[in-house]
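**Q** Take a look at this one; I'll ask things after.
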Amino acid sequence: MPDWKIPFKLYINACGERLGAALHQTQIINDKPVEGPFCFISRHINPTDARYEASQMECLCLVWALEKLDYYLDGTVFDVITDCNAVKSLLNMKAPNIHMLRGQVAIQEYRVNMTIVHNSGNIHKNADGLSRSALANIPDDPAWGPQEEHHIEGICVTDIGTEFFNQVRESYKIDKNCHILSQLLIKDCKDPSISSKLDETWKKAYYKGRFHPLDGILYHRTKHTCVMALTDRTLISTILHECHDSVSPGHLSEDRTLQRL
């Protein structure tokens, strides 16, 4: 029987589409410290988890094992033994991806009492064996938990509408430099006297070939991988709303919003 006054050891491992965990404890038997197991759990992953990478799968295994063995681990001191370096650094990971971030949040309640220790895969046999011969996800498995299914009745996909791009095109009539560029590039006007009316900074960029038209929209290229659309200042708030706040983008992160812009 486990002794809650003695620290536990939780061994975890993910192998392909299977997860395994073993809960151990070192107790004094015949005046000698003996480490032994008293609980094994394993399962196959769900179809929604199949897209996870190896390190993400190990993180999933940790979260699942903590959830299933919470009866033993809640309020106790324990070590998590893993052969995955990503899991070892999970608590202090500076910029985790979305899957690792979810795992980081899920294990916060155990942070005070939990220490994650890296173990070589060659001596990580107990949890490794469980993950290679995991039990099927059926009610006969003591670690089984029913998975809720949420059926989607319909999906509505939207994007930036034609009206928005028409607003951008109309804004060129307001801004002096954009209006001149639209005449030179969109309407393909060859009169050199028109380009001379550009502000000096715009004129230099024009003669360097930095401006390009596409579908009536003017773009400015600063590098080979950086292209920005030109618009009137009054439309900037509208553009930020369409590329971040509205329904179509779905409140993207900063990097993905900039990419969309």
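Including glycine, each Cβ sits where the backbone N, Cα and C put it.
TrEMBL annotations: computationally assigned, not manually curated.
Pulled from TrEMBL, these are the listed features:
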type: DOMAIN; residues: 4-110; note: domain 'Reverse transcriptase RNase H-like'
**Q** Reported in the order helix, strand, coil, what are the DSSP residue counts of the domain 'Reverse transcriptase RNase H-like' (4-110)?
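**A** Reading the DSSP string over the domain 'Reverse transcriptase RNase H-like' (4-110) gives 41 helix, 38 strand, 28 coil.
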**Q** Looking only at the domain 'Reverse transcriptase RNase H-like' (4-110), what is the model's average confidence as pLDDT?
**A** 86
